[in-house]
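Taken from TrEMBL, the feature transmembrane segment covers 12-29, 49-76, 103-122, 280-299, 311-332, 338-360.
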Amino acid sequence: MPRIDRYILGQFLQYFGFFALVIAGVYWVNKAVGLFDQLIGDNQSIWVFVQFSLLTLPQVIKLILPIAAFIATVYATNRLMGDSEMVVMQATGFSPFRLARPVLYFGLVVALMAAVLTHVLVPQSRTALTEARAELSENLTARFLESGVFTHPAPEVTLYIREITERGELRDIFLADARDPAQSMTYTAPSALLLRGENGPKLIMVGGMAQALEKATLRLSVTRFADFTYDLGAMLVGRAARGRSDAELGTFELLFPTEALVAETGRSLLDLRFQGHQRLAEPFLALSVSLIGFAALLVGGFSRFGLWRQIALAVGILVLVQGLATAAGGAGGRLSQGWALAYAAPVLGFALAFGLLAWAGRSRRMGAS
């Protein structure tokens, strides 16, 4: 790599590291505050907070990478133009496309980072985060199991256990669940066990009775059971545990979804396939916004009054490209060939960057003549 390319690439990487650290820090702290209040409010340790915070970092970094790359490119190019370094390079015969070569290298570095995050780190971290939340749910469930005390694990839910033996057996259980506006349920059993299930902790009641009271008619139904399973994990988190989300799936699974995967995630086949193509397109989006930030600032050349118009142009194009990406994300999962929309924003970004570089080269030739 020529020395001039190494110099420009070094400038971009230096500013990219700074802006990525600042933006990720602000975004992460904003999310961590709410997470801290939630976990500490549940009497969790600082280690649990640190664990959850670290598991959210890959997703945060993936989100801010394109923005940090764009800001770093615009800032570094503005500095090079302001110090007349870019003007000197143009005067020695460097065309806009030649000057964009180190920007392309920089964009490829960012795209590689985005690809590793998108295809490897983010799915793994989301899977680990789901498992950690399930384990935390079980710990929260165990915390509510106190003998001789009426506890309220969730709103409109009352639990009483007369005794918890050394073997972990729960004796004389009373559980009242009034969350359903149509009817209230009351469960009683002489003994029960708390077991770990695939989707969270389960309360297994043995030889008990279930009473259902319809609130509108005050009709009482009584059912006796030999054994009954109550999902405590769903009670605490407010919904039944489900299969993997699309964020936890591998890219290959998303690109070639099966009917079993559709049933597991609750998403349509078209939506899953679009999510897979969107993952493939995201690294190219980071590359395109880097080229846009550089190409827009070359339009118009050097000015003692600064490059504010060019910077505004770059920001406007960025908003346009990101807006297209958002619109494609809303429509792509509903169309039979909607997966192609995942590549619309990167293609538009590359086309606009190429057009701006060509425009800058044409303006320079016209000025020279």
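Backbone N, Cα and C atoms are what each Cβ position is placed from, and that goes for glycine too.
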Do the transmembrane segment (12-29) and the transmembrane segment (103-122) share at least 3 Cβ pairs under 8 Å, sequence separation 6 or more?
-> yes
So what's near the transmembrane segment (49-76) in sequence-distant terms, Cβ-Cβ under 8 Å and 6+ beyond its ends?
-> 8, 11-12, 14-16, 18-20, 23-24, 27-28, 31-32, 35-36, 39-40, 103, 106-107, 110, 113-114, 117-118, 121-122, 124-126, 128-129, 132, 247, 282, 285-286, 289-290, 292-294, 296-297, 311, 314, 318
